[in-house]
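Visitor: Swiss-Prot lists these features:
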type     : residues : note
REGION   : 1-163    : region 'Disordered'
COMPBIAS : 1-54     : compositional bias 'Low complexity'
REGION   : 187-325  : region 'Disordered'
COMPBIAS : 198-208  : compositional bias 'Pro residues'
COMPBIAS : 237-249  : compositional bias 'Basic and acidic residues'
COMPBIAS : 292-304  : compositional bias 'Pro residues'
Amino acid sequence: PGQLGNSGKPGQQGPPGEVGPRGPRGLPGSRGPVGPEGSPGIPGKLGPLGSPGLPGLPGPPGLPGMKGDRGVFGEPGPKGEQGASGEEGEAGVRGDLGDMGQPGPKGSVGNPGEPGLRGPEGIRGLPGVEGPRGPPGPRGVQGEQGATGLPGIQGPPGRAPTDQHIKQVCMRVVQEHFAEMAASLKRPDTGASGLPGRPGPPGPPGPPGENGFPGQMGIRGLPGIKGPPGALGLRGPKGDLGEKGERGPPGRGPKGLPGAIGLPGDPGPASYGKNGRDGEQGPPGVAGIPGVPGPPGPPGPPGFCEPASCTLQAGQRAFSKGPDK
């Protein structure tokens, strides 16, 4: 046999072979490092209104407010019923006897006049002095705690997500998805990253949270601002009948004015009297109402008397009435 010849030149590259069957799935790779913190997600829908929390502890009593302005005077109340009549006063001391007047001239007998009209009612007296103001009443009992108020009005919705915010969220979701796929597949070479997918729909609203514990007691608040003056109050009920006043001390009135001269009596029958005795003094008569003077009457019949007793009889008739006994 001859010697071994030199090796030939390498042949040309043949055509590419057919794609072989897909190999078995490789083992999952190790977990990669934690990525950077992503932007916050889209806020979910507003959850249902939670049940009202437990009532908090009663706070300390606030400082007393400033004294308000004096309210408007109310309407005058209805006129009270007439009080009970007072006890009858003691009889006043009898006044001194007035001086005896001079006998007037004998007038003609007139007809009895009609009673005069009643005079007008006197002017009402001045009102009494207002009494001193009474002491303030005792402080009332503290009222009970009021019922829980109605829930407040729902607040306005939050700001709508912007396009930039949606893009950031979508990029974060896509990156997490590709990171999970890269961890589950074992490939010899890392391929190029695909295009970001479309943003997914927003997730369902989360369940409402549990009721929180009652918070701590707050700090005591500042005193409130002075409020406006109150409105005019309603008309109060009619007051009860007042008690009967005490009996006043007996008083003595001023001395009255001398009464008017009474009407002259009827002329007595003609008689022939002599020096008679003075009769007993009768009880004082009731003062009559002065009537309107009537027209002069007709002249009476001429009297008969002795010349010696005419002077004495004229003086006695001025102090006595009726015929002589």
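The backbone N, Cα and C atoms fix where each Cβ goes, glycine too.
Bear in mind that the values here come from a model prediction, so they are computed numbers and not experimental data.
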Visitor: Counting by DSSP, what is the helix, strand and coil composition of the compositional bias 'Basic and acidic residues' (237-249)?
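Guide: Final tally across the stretch: 0 helix, 0 strand, 13 coil.
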Visitor: Using DSSP, how many residues of the compositional bias 'Low complexity' (1-54) fall into helix, strand and coil, respectively?
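Guide: Within the compositional bias 'Low complexity' (1-54) the tally stands at 0 helix, 0 strand, 54 coil.
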